[in-house]
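Read through the structure below, which is laid out as structure tokens, and then see the notes.
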Ligand SMILES: NC(=O)C1=CN([C@@H]2O[C@H](COP(=O)(O)OP(=O)(O)OC[C@H]3O[C@@H](n4cnc5c(N)ncnc54)[C@H](OP(=O)(O)O)[C@@H]3O)[C@@H](O)[C@H]2O)C=CC1
Ligand SMILES: O=C(O)C1=N[C@H](C(=O)O)C[C@H](O)C1
């Protein structure tokens, strides 16, 4: 499968180039960075710590997309929306790992998904997607006298909060409780907050050092606490998940899909 990596020089971009290199049946067809990037013209393999690949970093996304079967995108919300329009034009699978998307970005992805398959997830790992299924089931089982708090920690360079994974886990908890996360979400507490409102789902984001991604969902009841957690030790696992999603999405009919679809976790 011919795959383009956009944001090729980023932390995830380099991991994606490596994951493609290591996956039989996949080949890096192009590596895209933004116009003006000092990395344009560099060999993408070398950028990822591999032998030279002959694929030079370019800023011509549309030409790259028309020659490919899929695009792996871990960039920024605005860039992802722009890439979705190009992937729709080229009718290729668009794998979106970018987090921090707001409703206006999601609406544009939905529009693009009428023309091509988009697979989006705040976390491409098997462990987190299994955790989400567990969280949904536990939230459905326990009543609102069990408070739900989601704690995450990431490296100091992360620019969005709460993390996409925390939001994904919050959505799973809200689904289990059959409520709308947007109505129940409490992401900031500071000063005289008053007592915790029943039924809310709280988020706390910690940032520091080189932490790849830690998530914990706490169900706090009267006199007891249930904690479900996931620790990502290597961001290579997100890249491997993204490549798996691309292979699953190859030639798939247009629509918006998730890692739950890719991993076949619907029944859980
Ligand atoms: N879903 C998942 O499993 C995971 C998701 N993520 C998410 O992926 C995203 C990226 O993370 P990370 O790799 O750490 O971030 P980085 O900042 O290291 O990488 C982003 C890269 O994208 C480039 N970029 C941004 N806009 C464009 C554009 N329009 N055209 C081409 N290149 C562009 C950036 O270039 P420049 O520096 O010049 O702006 C940079 O090289 C984040 O939203 C993060 O939360 C991360 C890990 C796992
Ligand atoms: O920015 C990161 O690094 C990560 N982002 C994703 C998120 O926002 O949840 C996934 C992973 O935790 C790493």
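From the backbone N, Cα and C atoms, a Cβ is placed for every residue, glycine too.
Taken verbatim from TrEMBL:
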DOMAIN    1-124  domain 'Dihydrodipicolinate reductase N-terminal'
BINDING   7, 8, 9, 10, 11, 12, 33, 97, 98, 99, 121, 122, 123, 124  NAD(+) binding site
BINDING   34  NADP(+) binding site
DOMAIN    127-263  domain 'Dihydrodipicolinate reductase C-terminal'
ACT_SITE  154  active site, proton donor/acceptor
BINDING   155, 164, 165  (S)-2,3,4,5-tetrahydrodipicolinate binding site
ACT_SITE  158  active site, proton donor
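Locations of recorded TrEMBL features on the structure.
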{"residue": "7", "record": "NAD(+) binding site", "DSSP class": "coil"}
{"residue": "33", "record": "NAD(+) binding site", "DSSP class": "coil"}
{"residue": "98", "record": "NAD(+) binding site", "DSSP class": "coil"}
{"residue": "121", "record": "NAD(+) binding site", "DSSP class": "coil"}
{"residue": "155", "record": "(S)-2,3,4,5-tetrahydrodipicolinate binding site", "DSSP class": "coil"}
{"residue": "164", "record": "(S)-2,3,4,5-tetrahydrodipicolinate binding site", "DSSP class": "helix"}
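Cβ environment of residue 11 (NAD(+) binding site): 157, 235 lie under 8 Å away, each six or more residues apart in the same chain.
For the domain 'Dihydrodipicolinate reductase C-terminal' (127-263), residue counts in helix, strand and coil come to 52 helix, 36 strand, 49 coil, using DSSP. Cβ proximity to the (S)-2,3,4,5-tetrahydrodipicolinate site centre (mean Cβ of 155, 164, 165, cutoff 8 Å) flags the following additional same-chain residues: 99, 122, 123, 152, 154, 158, 160, 163, 166, 213, 215. Spatially, by CA atoms, the recorded positions 154, 164, 165 include one closest to residue 98 (NAD(+) binding site), and that is 164. Closeness to ligand 2 is met by 123, 164, 165, these being the binding-site residues among 33, 123, 164, 165 whose Cβ falls under 6 Å from the molecule. In sequence order, 129, 164, 165, 168, 213, 238, 241, 259 are the residues of the chain that are 6 or more apart from residue 123 (NAD(+) binding site) and have a CB within less than 8 Å of its CB. Of all the recorded positions in the record (154, 155, 158), the one with the smallest CA separation from residue 33 (NAD(+) binding site) is 158.
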